[in-house]
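Here is what TrEMBL records for this protein:
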- 1-34: region 'Disordered' (REGION)
- 7-33: compositional bias 'Basic and acidic residues' (COMPBIAS)
- 53-74: transmembrane segment (TRANSMEM)
- 162-179: transmembrane segment (TRANSMEM)
- 185-203: transmembrane segment (TRANSMEM)
- 270-286: transmembrane segment (TRANSMEM)
- 317-338: transmembrane segment (TRANSMEM)
- 350-371: transmembrane segment (TRANSMEM)
- 423-442: transmembrane segment (TRANSMEM)
- 467-484: transmembrane segment (TRANSMEM)
- 490-512: transmembrane segment (TRANSMEM)
- 524-542: transmembrane segment (TRANSMEM)
Amino acid sequence: ELEEEDRPPVELRQRKKPKSSENKDSAKEEKISDIPIPERTPKHVLFQRFAKIFIGCLAAVTSGMMYALYLSAYHERKFWFSNRQELEREITFQGDSAIYYSYYKDMLKAPSFERGVYELTHNNKTVSLKTINAVQQMSLYPELIASILYQATGSNEIIEPVYFYIGIVFGLQGIYVTALFVTSWLMSGTWLAGMLTVAWFIINRVDTTRIEYSIPLRENWALPYFACQIAALTGYLKSNLNTYGERFCYLLMSASTYTFMMMWEYSHYLLFLQAISLFLLDIFSVEQSDKVYEVYKIYIFSLFLGYLLQFENPALLVSPLLSLVAALMLAKCLQLNVKKGSFVAKIIKVINFYLVCTLTITLNIIMKMFVPHKENGHMLKFLEVKFGLNMTKNFTMNWLLCQESLQAPSQDFFLRLTQSSLLPFYILVLIICFLSMLQVIFRRINGKSLKETVTLEDGLIGERPEIIYHVIHTILLGSLAMVIEGLKYIWIPYVCMLAAFGVCSPELWMTLFKWLRLRTVHPILLALILSMAVPTIIGLIFPRLMTELMELQEFYDPDTVELMTWIKRQAPVAAVFAGSPQLMGVIKLCTGWMVTSLPLYNDDDLLKRNENIYQIYSKRSAEDIYKILTSYKANYLIVEDAICNEVGPMRGCRVKDLLDIANGHMVCEEGDKLTYSKYGRFCHEVKINYSPYVNYFTRVYWNRSYFVYKINTVISFQS
């Protein structure tokens, strides 16, 4: 009996312990989040989630494939590619695009891949009196990859090399669109945002891509990988990402970052802007620093590996990206552990910001002092002239300033974006996200802690780190695009993505409604209504695309075809041709003959060559031109009537005007001395066939557009 009486108190003590632990566990669960018990999750909810993901992935892949097929069909209708001979197809590659494709052809002709790479890295058959490492100087890794894929897959028995080459580029553009689709989907939570992104991208493709005008451009190979990197970074920064998803995003981000850096010589500048965005994100304390510093490690790894595989490219060592990341790592080592939110912590944040900026500049200066480099010195000179910090009569600098892609955006640019409704929605979304971000920052400054999970009813879209990153990044890219219009091809695709995310995001509209204190219309309902713009815009876009595909276009350039045919039949194999850089690129591709210059603007020697060869359109004597051409061992000179008789829309930006300014034959600024030349314009005078021009040059071929002169080796002066 005593034993039976003693049992209840023991049982009561045992019950009290689990009861108190249950209360603690339930309190913790309420604090963290409402985690649903797997057994209680209805099967139809799981099916809905799976169906949503499946349909979204299917829509993303379909959008990319349809865009790639559209580009292929448009290219065929524009050039009638399948009905042309090889020479006529190659002429469609203009300027620097011709150079890139010519090296792809050279790789296919090489007896082995190793021999082909060696000939490109020790190339002395392109530019006279110059041996270049074409792989490093022109970033020919896309051509190397395309050539080895073409031969390794046995495609030479199925498809012609040119179709394989452009097919890869069009496929990458499909991946580009798919990556933008996924990024917008990750940010908004609905794949309808991805559909709207693709629709806006295609409608505004005049400002989103240059693929229709120049296929082999480095940016067309590189930007799809940058889009994949941004999609992976967006997922990586999300707060509610599980471990497996985080690892996948990290691996994808690592691979795409390195590939992007290998494909384009200017990639590290874009990554530098991205690193600044992440640095500001870390300063604002809207995301754990650990994730941001993991991204910095990816940058360092990519720079190190890129430096080794790009023949110890010094440009990567003096890159501002490396200086910034190194400064951030050093600043982190010096950072003190202080309680977050305290006054001391805020002061340390300010000191840390100043320290990083100072260290970045100092490290970059030190690297440039000890690392021999010639990287983009002309770019700094161009920026000085662009922003009015310096004045110059230099032909190359003024020629670059006259290029439309390097000028400020025109009114037509903003008008096109407004007519497509992209710009108004983008500005609205950007303002809401930016103000919400400021709201979160001020809360942090005042010592208010952020919520671990943000619900829809909170109306604080500015607490999401991936949103803040995109806001900062798009502001940086947009600021640069307002100065140099050519950067719009990097900025506008992300404008499409950000605007589509905002339109289809209930959280964004809840943020706005909470500010306006509106409760009559539910934000989810409004987002669904606005999302109906997707089928509406797609309904408007398809008739326009079909009309473009049905339009009969034809690329017809018989004069250039005749010129290339004459060179291949009549010119000696060892001949060296001189002329405008754009034409020299086509000659190198179509004939394989050696040239004196190339349409490349990242090498000081080539820039100087271009300026000297362009003197054939200036007011210089026959003897001066002869000395210039023979100094480069040129045998033939090609004068283009389009340049000689150019009637440009902007006086002062024609080639002959720029040459006259550089040579002092035209007044550029008040106070400049005007030097009158006693010689006529060479390109006009040489056509008349009188002494002394006939003594130096003998005309051997001409048509409506081109005049070819043989440069005499033995000069006979006749009256």
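Every residue, even glycine, has its Cβ placed from backbone N, Cα and C.
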Worksheet entry | Cβ contacts the transmembrane segment (350-371)/the transmembrane segment (423-442), at least three under 8 Å, sequence gap 6 or more | no
Fill in: Outside the transmembrane segment (317-338), six or more residues from its ends: residues with CB under 8 Å to it
268-269, 271-272, 275-276, 279, 289, 293, 296, 299-300, 303, 307, 344-345, 348, 352, 355-357, 359-361, 363-364, 367-368, 371, 373, 375
Worksheet entry | Within-chain partners of the transmembrane segment (423-442) [C-beta distance under 8 Å, separation at least 6 from its ends] | 284, 286, 414, 417, 450, 460-463, 467-468, 470-471, 474-475, 495, 498-499, 501-503, 508, 511-512, 515
